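First comes the structure, then the notes that go with it.
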């Protein structure tokens, strides 16, 4: 066995990254997300088979679609796609023709009729035919079971006076329409990906859209700085404060005590043994007492409006100690003022003014004597 172990050769170590060779498509100058505009010369022969898509629309959209159908038809005619509006079945159908050259335009036409059925205006929906524009219809109806909760969370997404929705449109660069149990969106791939996460987080109550808006605004500001372009921004993101859950009570194997039933409570109070007549009389008396209390409370509330407000007193009367302190201070100030006045009069005596002022003072004294 020892000879066998000595003869064993060491296993060759695996070299990581041996296949990491430069690929021809890894050229940084190439933008892989750029969509080149379709040239009809790429497909001169056209389509071999006819492809068609149809979708149903709600009854309330019938009138609008009848009015807007000529615009839709003329827009699709440029790309060689035929469209049909069936009012009997309530459906829209798009299909390729011999003039169709772009093989992907039928998928764009399918998205167009989907958006029209989800209440998107025709001028806005026609923009989906452009190569740069994509669309996404997010279903939110099955994310929340309770109807009241669903309506409340959907309102969070819209916001007061559609302010939240407008902010999301500006930051993501997408057109958003919340209609019924779906959210229709049009924009770039990046914007649609962000929007889907925001909508799902809002409906599942994971994060409020306002926090997502703050994060998007921060990212927009950070993207402007070239030094922070390649850094991780997660630590700078705004996080929603988690509400502290109630503390769990310590586990006990014993069940909680059984609550007394209605009959048990009646037996305790002795009401169970009363006759029907006495029971009805007691109920009527309780009702009368409640009514009198209610009327008295309502009367008091009505009379509150006629009670005059308390007039503010000119001088708030303080305690006797405060009065004595104030009086003593006033007396000391008066004494000091008299002493200061006497000292000043002795210091500043002008003899000429004193002699001149002597005569009128005599006249005054004579007048006063008469």
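Glycine residues also receive a Cβ, built from the backbone N, Cα and C atoms like all the rest.
Unlike curated entries, TrEMBL annotations are predicted automatically.
Annotation comment: TrEMBL describes 12-21 (among others) as compositional bias 'Basic residues'.
According to TrEMBL, the feature compositional bias 'Basic residues' maps to 238-247 (among others).
The compositional bias 'Basic and acidic residues' annotation in TrEMBL covers 338-353.
Residues annotated as domain 'KRR1 small subunit processome component first KH' in TrEMBL: 51-131. Mapped onto DSSP helix, strand and coil, the domain 'KRR1 small subunit processome component first KH' (51-131) counts 40 helix, 17 strand, 24 coil.
The domain 'KRR1 small subunit processome component second KH' feature in TrEMBL is assigned to 133-224. In the predicted model, the domain 'KRR1 small subunit processome component second KH' (133-224) shows an average pLDDT of 91.
The feature region 'Disordered' is assigned by TrEMBL to 1-28 (among others).
The region 'Disordered' annotation in TrEMBL covers 233-262 (among others).
Look at TrEMBL and you will find 278-323 (among others) tagged as region 'Disordered'.
Marked as region 'Disordered' by TrEMBL: 337-370 (among others).
Mapped onto DSSP helix, strand and coil, the domain 'KRR1 small subunit processome component second KH' (133-224) counts 56 helix, 17 strand, 19 coil.
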